Every structure is written in C-alpha cells, then in structure tokens.
C-alpha cells in the first residue's frame, strides 16, 4: 500500500509545494492540505504504518526529519527546528517518539 492509495496525489503535491522552503513546514497545515485531517481513524493508522519507516510502531526523531520524503522521494528533509517542533507537538507522553494514537490525537485537535 502507498500513501496515494489513501490520499490524493494532487493534495499531496499541493501540501509539499506549500512547505518547500526550509522552516516553512507546519504539521497542522500539511495535514489539512494533504487531506489527512479528513481521514478516518483507520485510514490514519494505515498512513502511520507507511510513515513508520522502521516498523517499530513509533516515529522517532531520526525518522521524522524525513517525513516529507515519505510522501515524495525528492522532497526536502525537515530542518532540525521543524523536526523538534513537530515532535514536541505530537509526542503526548514525552518519550521522544510518536505513536499511532499520538499522531491521530495531534491531527484531530
């Protein structure tokens, strides 16, 4: 399964265009433009599994910096500042990683 099985390729492209410049990434805005914020809990779990590159059940900081590249291989990496801000916002228990439930809570709030 790929992200384009769940999200529209044109919505993904628009979301990536919106954050092309370094330090312009806003997770909430990206989730809205890409259509992720309109997906069901089950669909978000599928998306999370695709984004969890090492299949650990969590997205850690080292994976998170490549977040945009999971949507398109030529996309830029997140800056250190963007990565840390994203992690801090979605890591609800402070363990330094984001679980599937944590990302759903972040998207839906």
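Glycine is treated like the rest: Cβ placed from N, Cα and C.
Annotated features in TrEMBL:
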DOMAIN    39-74  domain 'EF-hand'
BINDING   52, 54, 56, 58, 63  Ca(2+) 1 binding site
BINDING   91, 93, 95, 97  Ca(2+) 2 binding site
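Within the chain carrying the domain 'EF-hand' (39-74), a Cβ under 8 angstroms from the stretch's Cβ atoms is held by residues 1-3, 6-7, 12-13, 15-16, 19, 25, 80, 83-84, 86-87, 96-100, 103-104, 107, all 6 or more beyond its ends.
When the binding-site residues 54, 63 are compared by the number of other CB atoms within 10 angstroms of each CB, 54 has the fewest.
Cβ neighbours of residue 91 (Ca(2+) 2 binding site) (same chain, under 8 Å, six or more residues apart in sequence): 97, 98, 102. Same-chain residues that are not part of 91, 93, 95, 97 yet have a Cβ within 8 Å of the Cβ center of the Ca(2+) 2 site turn out to be 58, 92, 94, 96, 98, 99, 102. Around residue 97 (Ca(2+) 2 binding site), a 10 Å sphere centred on its CB holds 20 further CB atoms from the protein chains shown. In the predicted structure, the domain 'EF-hand' (39-74) carries a mean pLDDT of 93. For residue 58 (Ca(2+) 1 binding site), the same-chain residues that are 6 or more apart in sequence and have a Cβ closer than 8 Å to its Cβ are 52, 97, 98, 99. Rounded to the nearest whole angstrom, the C-alpha distance between residue 63 (Ca(2+) 1 binding site) and residue 95 (Ca(2+) 2 binding site) is 15. Counting every protein chain shown, the number of other Cβ atoms lying within 10 Å of the Cβ of residue 93 (Ca(2+) 2 binding site) is 10. You'll find the Cα of residue 95 (Ca(2+) 2 binding site) roughly 17 Å from the Cα of residue 54 (Ca(2+) 1 binding site).
Note: the Cα of residue 93 (Ca(2+) 2 binding site) and the Cα of residue 56 (Ca(2+) 1 binding site) are spaced 17 Å from each other.
Taking the binding-site residues 52, 95 in turn and counting surrounding C-beta atoms within 10 angstroms, the largest count is reached at 52.
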